[in-house]
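K.L.:
Pasting the feature list from Swiss-Prot:
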type: SIGNAL; residues: 1-6; note: signal peptide
type: DOMAIN; residues: 46-126; note: domain 'Saposin B-type'
type: DISULFID; residues: Cys50-Cys122; note: disulfide bond
type: DISULFID; residues: Cys53-Cys116; note: disulfide bond
type: DISULFID; residues: Cys81-Cys91; note: disulfide bond
Amino acid sequence: PGLAFSGLTPEHSALARAHPCDGEQFCQNLAPEDPQGDQLLQREELGLICESCRKIIQKLEDMVGPQPNEDTVTQAASRVCDKMKILRGVCKKIMRTFLRRISKDILTGKKPQAICVDIKICKEKTGLI
């Protein structure tokens, strides 16, 4: 309910409702000491997950090479998370959930920031030229 007007697909809706760090090791040390820090913490976590997304997509683009096609993107996507060390769990979740969209965006030449905005992990930066 409500998805029809939100512009979100069911997969985007589930990710939007899920905490960006659910079960991810690198986020476990981010628990706030006091409840008033929750808003700041959420912004910091979103910043961390956005930065992680950009790093993962950049690594994927580097592995795909200068002339990507569906096969090279799929092959690179199956290997990229093993190269991400601490971001491996987040990488696998992103690839499992959004590979089709990421692949399409890479094939159209989008940059990592734009791809992470498309999959709703990063917010669009406003006011920048």
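Using N, Cα and C of the backbone, Cβ positions are placed for all residues, glycine too.
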K.L.:
Quick one: mean pLDDT on the domain 'Saposin B-type' (46-126)?
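P.N.:
Average per-residue pLDDT within the domain 'Saposin B-type' (46-126): 93.
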K.L.:
Any idea what DSSP makes of Cys122 (disulfide bond), helix, strand or coil?
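P.N.:
DSSP call for Cys122 (disulfide bond): coil, neither helix nor strand.
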K.L.:
Specify the secondary structure state of Cys91 (disulfide bond) as given by DSSP, simplified to three classes.
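P.N.:
DSSP call for Cys91 (disulfide bond): helix.
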K.L.:
Let me make sure I understand the structure: which of the disulfide-bonded residues listed (Cys50, Cys81, Cys91, Cys116, Cys122) has the fewest other Cβ atoms within 10 A of its Cβ?
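P.N.:
Minimum Cβ neighbour count within 10 Å, taken over the disulfide-bonded residues Cys50, Cys81, Cys91, Cys116, Cys122, occurs at Cys50.
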K.L.:
With every protein chain in view, how many other Cβ atoms are within 10 Å of the Cβ of Cys53 (disulfide bond)?
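P.N.:
A count of 26.
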K.L.:
To the nearest Å, how far is the Cα of Cys116 (disulfide bond) from the Cα of Cys122 (disulfide bond)?
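P.N.:
Cys116 (disulfide bond) to Cys122 (disulfide bond), Cα-Cα distance: 5 Å.
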K.L.:
With Cys81 (disulfide bond) as the reference Cα, tell me which of the disulfide-bonded residues Cys50, Cys53, Cys122 is the closest one.
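P.N.:
Of the disulfide-bonded residues Cys50, Cys53, Cys122, Cys53 has its Cα closest to that of Cys81 (disulfide bond).
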